[in-house]
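What TrEMBL says about this protein:
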TRANSMEM  22-42  transmembrane segment
TRANSMEM  62-84  transmembrane segment
TRANSMEM  96-121  transmembrane segment
TRANSMEM  141-164  transmembrane segment
DOMAIN    178-257  domain 'Signal transduction histidine kinase internal region'
Amino acid sequence: MPLLYSLPMITFLVQQRHWAHALLRIVLANALIWGLICLFGAQSSYLDAALQGKPRPYLSYLSRWVIGHIPIALYSTGVYAFFARHPRWLGQARHLVTVYLLLALAYLPLECLYYATAYVLRVDGVFSSARFWEVLLASNNYSWFFQMAWMSGAYVTIVAICSWRQSTMLRLDLQEQRLQALRGQLEPHFIFNALNAISALVRADDKPVALSGISRLSELLRYALASSERDSVSVAQELDFIRGYLALQELRYGEKLQWSIGGETQVRDGDCPPLLLQPLVENAVKHGLERHGGSGDIVLDFERMGERMRIRLSNRVSGDGGDASAAGLGIGLRNTAARLQLAYGEAASLRTHHDGQRFQVEIEMLFYLEAA
């Protein structure tokens, strides 16, 4: 029970730690941006003064720029942190206007007080309330307009950046959810078909072969479960898995199943989404052997083309085209095409071809998934 009571506190502390790290990144990013603005602004002021024949040390200009931009730097940091903490406010215009008006009412008076104080200290070297009020009351409309424009521009820029970042994160979350859903479709489908293969061996009353099949199946399941948690695996790992899967099917079909893999050495160092080829190979076995009960052969060929690679998988089918159309409508091709689209976007393609004797699937994609 004490542990159960402490779980909410642990969760809260973890969330606060993550927020502290995010806040630190926001502060550092704003400090870097405004620091660069001050550096370039001071350089510009220094060059202008030099051209007019009134040069002063560069550090004097830099200090004025830094002091002058402290309020807007703090303001932008606070606004960014607020919307990072409360992203739901970004989607409602009423909330955006409310936040802007509240910030204007709080920020502009404080900024004027800050600038008046900084001016008195810089010019007189000592603070005087009389001098402070003199400087403050001397502020003209142009000064107010300039400060309002600075504040508004910073606000609009930050809202635009936060909105873009939020939409990007939502889009990535949606893609990840779709990928997880596709994987969730694939894994039970693979397990079901693999168990069917084992059950066929058991019914054949060939205990040694059945035990060998169960051993191979355990290895395949271990890979499938481990790789499902990853975004990519090496082509070498995927091919080892495919070999194991075909070896399992060989136990069931014997010499009826013939298969070959070509061009492997060209692409072993590349990577691809996990379990990308398995549903295609499964389709080839299903439509090449199960549909017409004869022998069948599966040809898997790889080719590297610079930063891209091409994968061709073909199998023998009946000549009426029925198998090809059925294969094209199966979960294997739909799932693979959807996963390629999510992982690579327009950088990958999947095409099918049927010439009457063989059905071929051709995939073109980037050699390294990280480049997508």
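Cβ from N, Cα, C; glycine included.
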With a Cβ cut-off under 8 Å, give me the same-chain residues at least six positions beyond the ends of the transmembrane segment (141-164) that come close to it.
72, 75-76, 79-80, 83-84, 87, 90, 96, 100, 103-104, 107-108, 111-112
Reported mean pLDDT - the domain 'Signal transduction histidine kinase internal region' (178-257):
75
